[in-house]
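Working notes for the structure below.
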Amino acid sequence: MSDEQDAIRVAVLGARGRMGAEVCKAVDAATDMKLVAAVDQGDALADLADAGAQVVVDFTTPDVVMDNLRWCVDQGIHTVVGTTGFTEQRLEQVRGWLADKPGVGVVIAPNFGIGAVLMMQFAARAARYFESVEIIEQHHPGKLDAPSGTATHTARLIAAARAEADLGPVPDATKDEVAGARGADIDGVRVHAVRATGLVAHQEVLFGTTGETLTIRHDSYDRVSFMPGVLLAVRAVPTRPGLTVALDPLL
Ligand SMILES: NC(=O)C1=CN([C@@H]2O[C@H](COP(=O)(O)OP(=O)(O)OC[C@H]3O[C@@H](n4cnc5c(N)ncnc54)[C@H](O)[C@@H]3O)[C@@H](O)[C@H]2O)C=CC1
Ligand SMILES: O=C(O)C1=N[C@H](C(=O)O)C[C@H](O)C1
């Protein structure tokens, strides 16, 4: 157990949300951390600085996360971001802010579940051996964005592996007569988003080649599944200046 004064001072943004509330509980229960601020919509960001936060954890929404992150970086506060919506353009913008703030660390991960990280690694590894691939992500109906950050990240990893192996486009003769019937196209990989009450966060990557298919599936049945990854990032981010994308380099 750490002394109170050695504990990492953590603040949570989006603290009343599904993920934020779970992060507050996990930080409270961690003996090497202290929850110093729990901030949600309508609260002032200045509360984070006033509370002396060393690390901010952001689980808000794609439309506000960039402003939050910019503010944290400007204040010199390390930040762990689980909020989705990070395009390559947004990541470049964050790198630009961090260039002016040496010593500040930001970890942005599309999925903090250890099983989900492995699922993405396995999918990237399998990609070169299969001419066909589709991603099916399934989530609770309260989710604001589609396709999920995890599915988008997985599609990009698969597309990079396919390009490296010179695989060419996924074969598909279908005419998309009803818009959306074949899902979204992320870097040439079809992604289908399912929303249903009872689901939390689930993803299947379906690979196919002559005479066989391979399905790689991950299920988060409870948001506690993301907490070990979030706490790992909180512990790591103060000693990782610059931008870290995804959890893989921390495992
Ligand atoms: N990286 C990961 O492992 C995971 C990422 N997520 C992502 O995290 C985000 C949040 O997901 P949920 O918790 O399910 O959403 P939610 O809708 O339950 O919570 C979002 C919270 O952010 C608050 N909020 C909105 N604007 C704010 C602002 N300007 N300042 C402070 N708080 C603000 C809302 O009031 C709400 O309480 C989504 O982008 C989701 O995709 C969700 C689960 C795991
Ligand atoms: O909104 C969610 O719930 C989740 N969002 C993340 C995503 O979009 O990939 C991570 C996980 O799938 C849960």
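Glycine residues also receive a Cβ, built from the backbone N, Cα and C atoms like all the rest.
These numbers come from a predicted model, not from an experiment.
Residues GLY14, ALA15, ARG16, GLY17, ARG18, MET19, GLY82, THR83, THR84, ALA109, PRO110, ASN111, PHE112 are given by TrEMBL as NAD(+) binders; from ASP32, ASP40, ASP63, ASP67, that same site also lists ASP40. Packing around THR83 (NAD(+) binding site) is summarised by its Cβ count: 26 other Cβ atoms lie within 10 angstroms of its Cβ, all protein chains included. Under 6 Å, Cβ to nearest atom of ligand 1: this is the test, and of the recorded positions ASN111, HIS139, THR150 it is passed by ASN111.
When the Cα of THR150 ((S)-2,3,4,5-tetrahydrodipicolinate binding site) is compared against those of the recorded positions GLY14, THR83, ALA109, HIS139, the shortest separation belongs to ALA109. The number of other CB atoms found within 10 A of the CB of ALA109 (NAD(+) binding site), across every protein chain shown, is 26.
Put simply, GLY149 ((S)-2,3,4,5-tetrahydrodipicolinate binding site) is 12 Å from HIS139 (active site, proton donor/acceptor) when counted between their Cα atoms. For ASP40 (NAD(+) binding site), the nearest neighbour among the recorded positions HIS140, LYS143, GLY149, judged by Cα separation, is LYS143.
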